[in-house]
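As recorded in TrEMBL:
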type: ACT_SITE; residues: 268; note: active site, charge relay system
type: ACT_SITE; residues: 301; note: active site, charge relay system
type: ACT_SITE; residues: 552; note: active site, charge relay system
type: COILED; residues: 846-873; note: coiled coil
type: DOMAIN; residues: 264-592; note: domain 'Peptidase S8/S53'
């Protein structure tokens, strides 16, 4: 750090206010009961449905010569718990994406249980409340049906015409039933007979995945098999170009990382090990494919990514002519000279998993950068989490790893094919097209326990150093799509699975421009727009550096920061690293300005459009148009009503969908392209006089809570200027891609002021705590932004409570932070035990913008006093945090 850096103080402990009370249990209220049905008619329909299911499955099994499997779907009013289904004679397997349908398995014994209960419901005595027996089961059922081929098609296969005599490589996921996995696999081979083969497979606690090769005719047969959950095409990658840059080696000063420095493993196309700016930091490299000879880079992508992971801002290093790495480097090659995964007969994610496990086991590497993505698999909601993302999530949880992935790029192919945008139209439609469904995240960017990174744009370099002489002479017009620090024009947008906040962070990734003379988009590999890093082919062309554009090159910036946080304290959990980075992040003001300007301009256009067609609308919508015209803006509610109408032209509906309703959706749209912003290393690992950070690595049980003291100095509340409390929470839940709730549990934050610890504990432990929180005055229950509905499903949550003026009311010198656990399905899992505890990390920062404010010393003293008090009381042993 430079000598005048203000961030010089170690972070402090965030003290659990009631460690003796942390086993306090609270419960969540129950759901809404099913609507009452006509018993006679409804029971007849259920019996017809279940008979048809059994008949259909038995006929198909007889045709294929394999044993029948009673796997089918139940459409419901309110989701059944796993235990409710078990008591009804069914085993829960998963949810169908986007529908209110659960997939279950039953056997002969289970079906007998179900039919016995059905008999009681249909013809038995009524209860004391005049309800049929087992009403909560049967009145909740809308229908019972067999799964069909469309239910089993993955998102890529849905868009493909299946040709009988065409050969396909496919990934097949089977419904996970522990005792039946081997039998299911063998029966699948029997269905394929001589027309296909299983070439690889992967099995974990929650996933059974096969790689197969077969023809289209057999694929259609496989889509009818009950044991099949989903079939889709394997992941594919896209090559990226780079322009090369020269600099004399003699002008550069070199260095090497400290012996105890942490490392980053690049899982990519390999590395050029004898590059002068890599070799002193490179600890080990290898290949993890049988069809490739070694781990040496043949495409350049891996070396380029490695340069950024090693140095962070390579352009700054070039300007300073100083390359001193602070992290070590590892490389795992999984792609070929064309930057493609393979070979076709192998499960690619299995190779990546083996590479991660190897470098974690052998070298204790905990930071992994995977700048790869499938351009054909865009997340557009209402679909299962990908196998790739789930396996990365499991690895991050099980091995306490920080895995960094990019959002993926909107390439020229995507602009043309998916968005129908060419040339200058990209400039005029920016940034609205970033919010189209087909601009969603590329697999595996939806991984919830991993860090996903988007890109902000570079400034178009126009100095003589970067512009080619002939272009400068011709005065060729070049229009950048985005300004510096705006969302990059190629970055992809969230949200992720279950509306998780994705991306979490952004970093510089380059820009693109419209070339006036050629009337086309350019700049993906240009010095004028690209990010700088290392050139793998430097020996042949005598150029150490190259330039390229993409989110692939934003991701390693964050991987570099994560490893440097671990350099400060290698004992930090991955959750702590994620939370510290989030608490340090700031969103560039130009991102806010860009989305606000887009919203305002779009609202003007939408209202004008609505007024043009007002006479064609219903009376209700006419009134709404009038109201919007008077207000000058469109709310989220207005937007939803307009989108429901059949009278609006598709062009207007498309504009509505990419425009945030004011004010409710503004924060969501910001998060979709920028997450929490750009992290700052100094703020992540050090405090200052006016910015004090406290953190805790905690444990919590199912449906329990912890409460932390947040000391508030008078100088913090009384001094003029903007003050804020920033809180980040990180956790890594188990996952299952066929569950409606992908994560096994979620967590939440509440910040309370003006109440005693006893009052806070009483509210947090109350069965109706949500109601109790809502009854608190707004001033007492601190307004944390983004709001709970935007962040509650995210495993990395960063919230801010900000005030610009001193309050006339005294809320005391201690606020209380409540961390809550909400079970989604982990309590139903086979491995669950009553003493189950989950790890998490929480970080709290008090920050004041007044340069005269000095609060660090008072906060430090109060923290130490509280810790000593707890030691004396015997409720804790010692301060475990680094000082």
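Keep in mind that glycine also has a Cβ here, set from the backbone N, Cα and C atoms.
Everything TrEMBL records as a feature, shown here on the structure.
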residue	record	DSSP (3 states)
268	active site, charge relay system	strand
301	active site, charge relay system	helix
552	active site, charge relay system	helix
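Within its own chain, the coiled coil (846-873) has Cβ neighbours under 8 Å at 9, 12-13, 15, 19-20, 687-692, 694, 709-713, 715-716, 719-726, 879, counting only residues six or more beyond its boundaries. Confidence across the coiled coil (846-873), taken as the mean pLDDT and rounded to a whole number, stands at 93. Using a 10 Å Cβ-Cβ cutoff, residue 268 (active site, charge relay system) registers 28 neighbours. Residue 268 (active site, charge relay system) sits 7 Å from residue 301 (active site, charge relay system), counting Cα to Cα.
The number of other Cβ atoms within 10 Å of the Cβ belonging to residue 552 (active site, charge relay system), over all protein chains shown, comes to 29.
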